[in-house]
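Sequence annotations record features per position, and here Swiss-Prot assigns transmembrane segment to 9-29, 49-69, 103-123, 137-157, 165-185, 213-233, 247-267, 276-296, 337-357, 363-383, 396-416, 419-439.
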Amino acid sequence: MSTDNKQSLSAITLAAIGVVYGDIGTSPLYTLRECLSGQFGFGVERDAVFGFLSLIFWLLIFVVSIKYLTFVMRADNAGEGGILTLMSLAGRNTSARMTSTLVIMGLIGGSFFYGEVVITPAISVMSAIEGLEIVAPELDTWVVPLSIIVLTLLFMIQKHGTGMVGKLFAPIMLTWFLILAGLGLRSIIANPDVLHALNPMWAAKFFLEYKTVSFIALGAVVLSITGVEALYADMGHFGKLPIRLAWFSVVLPSLTLNYFGQGALLLKHPEAIKNPFFLLAPEWALIPLLILAALATVIASQAVISGVFSLTRQAVRLGYLSPMRIIHTSEMESGQIYIPFVNWMLYFAVVIVIVSFERSSNLAAAYGIAVTGTMVLTSILSTTVARKNWHWNKYFVALILVAFLCVDVPLFSANLDKLLSGGWLPLTLGIVMFIIMTTWKSERFRLLRRMHEHGNSLEALIASLEKSPPVRVPGTAVYMSRALNVIPFALLHNLKHNKVLHERVILLTLRTEDAPYVHNVRRVQIEQLSPTFWRVVASYGWRETPNVEEVFHRCGLEGLSCRMMETSFFMSHESLILGKRPWYLRLRGKLYLLLQRNALRAPDQFEIPPNRVIELGTQVEI
């Protein structure tokens, strides 16, 4: 490898440390404290400490190192990852019924992510701010207001983009991981006996000794791997090699040293269980560590916020969420986006969670169900890809699936015990998002089918218009068409009511491909249907935002000249009426009407100059 390539790999690896590992990297703030806080019926005992440390270490090895970094990250769509990408890949070579099942799984996984992102900023920032209690116990009443202030500032800067701030993420997180390692190593040197917990037999002994209680305690252990989905979801930003290199060279050693350092401290000073992370540090270092922890948790929260923006754009482009305003905050990086509606809805949800739960330890009970539920679905979808797309041996794939589920299912089941104490929160949010996504998709399909029931052939209409043309007026008219070979409603209504047609007519269809990006060479396809009619199909990936001005610039390069300010864009605006339905479908219909009313209008969605748009209304019963 050349020197330049090595430097580039080092830079990307450093950047991956700053973005990908923020969530899992701040887990030491609260994980071991929750494991040994006494809620499971045992205190800081040697066997319990060794058992939890062994479980945490081997979860990091099996779930993160083996399952995600080695297996799941093999499943990419043009380098992109994430649960919806996995859903798309898994459904490519399967039957229609199987594809429907896989789509439902993918949507549930995506919905769980929305439930998780409400909790991550709250628990991360609160855990860091709670370090104030070690410095000055009388400041404990300031934890909630300070957490809200920090997160308010974070959500307010989202509209300015994170490009400049992002440059600071990597060095701050690298410093964070080095401090984690240093604090842990210092404690381990003072009590090296704790390293015996690396032996997986301590995990086995933990289950044998504590039986049912040990199973329930898995709900706390899983806190050590929250954020693992980010490794796969952010694969498109950094690539597989940098993410893997960052994990094995920096993140895994640092996390292991810190967890075992906390364990060594607790074996000598059980009273440190009130906050073992901050008590690892010497007294003089508490305030700098508190500041660094606050910065690290803000970075972890930023990564989650950026993730929900990306997931939302993907869901919108794939037709599972209604169109909404998406702002690009960087001219250089297409992945840096800001969605105002999502930003402020997430902010208010996070503030409500902080005020309601008050302590990170209370919020820990809500964490885990969404994470482990997504892990189960990822196992099923990724092994489906291995069998159907990679054509691996079915017995080998079955063995892999069983191995994954033997870990994922117990973790998910253990977290169900948290349902009444907070686990209902991400589950409820996930269910709400699942209902919204499936409602939009199914009702949108019903609407389009209803609109296209007129049965007229596009070819027949064009032939008729060319043979017996109506009054033709100068200029170019563009009619947005949702599907090929379907007559746009706006065209029918223009002919019916205005009885005129422009000299040149373009039927424009914007299509979302099953890929993150579409090369400019394949962006536009032009077909002349008659002397005065053209069909233009513009293809975009689900990580791209359609732009009509760009489309016609490409058309001009291919011989179909079209000036935006001399062109009229005709669009149909549907006024929807609910027909007779069963009560449950009527409720879904009302939800769809609400979503439709608040959806971004097509001119804004496709960046068409407002003064060039003509909307023709039509009433449709669904």
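Cβ atoms here come from the backbone N, Cα and C positions, even for glycine.
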Original post:
What residues in the same chain, six or more past the boundaries of the transmembrane segment (213-233), come closer than 8 Å to it by Cβ-Cβ distance?
Top reply: 20-25, 27, 30-31, 34-35, 39-42, 51-52, 55-56, 59-60, 63-64, 68-69, 72-73, 81-83, 86, 113, 116, 120, 206-207, 243, 247, 255, 259, 300, 303-304, 307, 310-311, 364, 367-368, 371-372, 374-375, 378, 410-411, 413-415, 417-418
Subject >> Contact check, the transmembrane segment (247-267) vs the transmembrane segment (103-123), 3+ Cβ pairs under 8 Å, seq sep 6+ >> reply: no
Subject >> Proximity verdict for the transmembrane segment (49-69) and the transmembrane segment (396-416), three or more C-beta pairs under 8 Å >> reply: yes
**OP:** Give residue numbers and ranges for long-range contacts of the transmembrane segment (363-383): same chain, 6 or more residues beyond its ends, CB-CB under 8 A.
**Re:** 30, 34, 63, 67, 71-72, 75, 83, 86-87, 89-90, 102, 105-106, 108-109, 112-113, 115-116, 119, 122-123, 126, 219-220, 222-223, 225-226, 228-229, 232, 353, 357, 397-398, 400-401, 404-405, 408-409, 411-412, 415-416, 418-419, 421-427, 430
Subject >> For the transmembrane segment (337-357), distant same-chain residues with Cβ under 8 A (at least six beyond the ends) >> reply: 117-119, 121-122, 126, 144, 147-148, 151-152, 155, 158-159, 161, 305, 308-310, 312-313, 324-329, 363, 366, 422, 425, 429
**OP:** Could you give the residue numbers and ranges of same-chain residues that sit at least 6 residues beyond the transmembrane segment (165-185) on either side and whose C-beta is under 8 angstroms from one of its C-beta atoms?
**Re:** 14-15, 17-19, 21-22, 25, 28, 157, 250-251, 253-262, 280-281, 289, 292-293, 295-296, 299, 302
Subject >> Long-range environment of the transmembrane segment (137-157) - Cβ separation under 8 angstroms, sequence gap at least 6 >> reply: 121-122, 125-126, 129-130, 165, 294, 298, 301-302, 305, 343-344, 346-347, 350-351, 354-355, 358-359
